[in-house]
Amino acid sequence: MHKAGFVNIIGNPNVGKSTLMNAFVGEKLSIITSKAQTTRHRILGIVNGEDFQIILSDTPGIIKPAYELQESMMDFVKSAFDDADVLIYMVEIGEKALKDDAFFNKITNSKIPVLLLLNKIDMSNQEFLEEQVQEWSLKVPNAEIFPVSALEGFNVKEVFSRIIEILPESPPFYPKDQLTDKPERFFVNETIREKILMHYKKEIPYAVEIDTEEFFEEENIIRMRSVIMVERDTQKGIIIGHKGSALKRVGIESRKDLEKFFGKQVHLELYVKVNKNWRSDQRQLKRFGYNQK
Ligand SMILES: Nc1nc2c(ncn2[C@@H]2O[C@H](COP(=O)(O)OP(=O)(O)O)[C@@H](O)[C@H]2O)c(=O)[nH]1
Ligand SMILES: [Mg+2]
């Protein structure tokens, strides 16, 4: 008997959704930072076994959209309800509730099995943990609750086993050697964006989109050229930094990560371009892989 299905991870920003997905897949498919809105897309991570295939989706954290890009991000979250066989609703220790009632009601009324993962328990104590489990079991009575630490891998295996139990009988949806639905260039873009989230402040990371124009694999090296797009001239200056030092750091750190990810030497050329208001431009958003409508 072969089991397969879709397991979709949703929750507030910054609760550890991407960390969990990477822990399951065993690869860094989703970038992780301590900032909200690190994840902008719905990313599939496929875990293959002899007699199962789990297709996980990592989604952006749930927010009230303020501009077109964020609306498209929330469409990715909505789509995660449509095809799920299992919903993972992730919350973190001490968190109150989803800020969005509509999403919250969808979870509590879900016909699909819901696993509520109470994450970051490495930062808690037993007493508070028990209190929290109690509280969540009242709030989401249709869920099975698992206290976990996605970062330290605590209880992650148990969740994994439970998912396999619940999954329907089905042939695989993807070839058994496939790890994700995203092309190689996507991971180049995301790696660079992670460094920008890490090293620049305030609105800068939110004004940035990456476009990898060239990805050319030779026998011993992969050559890439990527554009860092910003919305204004002043942002361009900040990205580049004094004598190019800030941009250089982004390049060096990205290249190191990409060499690890692809298992090959990487040559990465970066440049910065102003692209006014790309975040509110439907046509451009589409080109960058947002807007699924
Ligand atoms: N202490 C602790 N931190 C975690 C855990 N899981 C994730 N984090 C941290 O929480 C932050 C947000 O993680 P991320 O996976 O990007 O959250 P997402 O926005 O829900 O995808 C990062 O700084 C992670 O290192 C955990 O189990 N314990
Ligand atoms: Mg994320």
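A Cβ is built for glycine as well, from the same backbone N, Cα and C atoms used for every other residue.
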For TrEMBL, the entry region 'G4' belongs, out of 119-122, 155-158, 179-182, 243-246, to 119-122
Other same-chain positions with a Cβ less than 8 Å from the region 'G1' (11-18) and lying at least 6 residues past its termini are 30-32, 34-39, 58-63, 89-92, 95, 98-99, 119-120, 150-151
Residues outside the region 'G3' (58-61) whose C-beta sits under 8 Å from one of its C-beta atoms, at least 6 past its ends, are 8-15, 17-18, 21, 29-30, 36-37, 39-43, 45, 73-74, 76-77, 80
Quick note, Ile121 (GTP binding site): same-chain residues at least 6 apart with CB under 8 Å of its CB -> Ile93, Leu129, Pro147, Val148, Ser149, Phe154
In the three-state DSSP scheme, Lys17 (GTP binding site) belongs to helix
Near ligand 1 by the Cβ criterion (under 6 Å), the binding-site residues from Lys17, Thr59, Ile62, Ile121 are Lys17
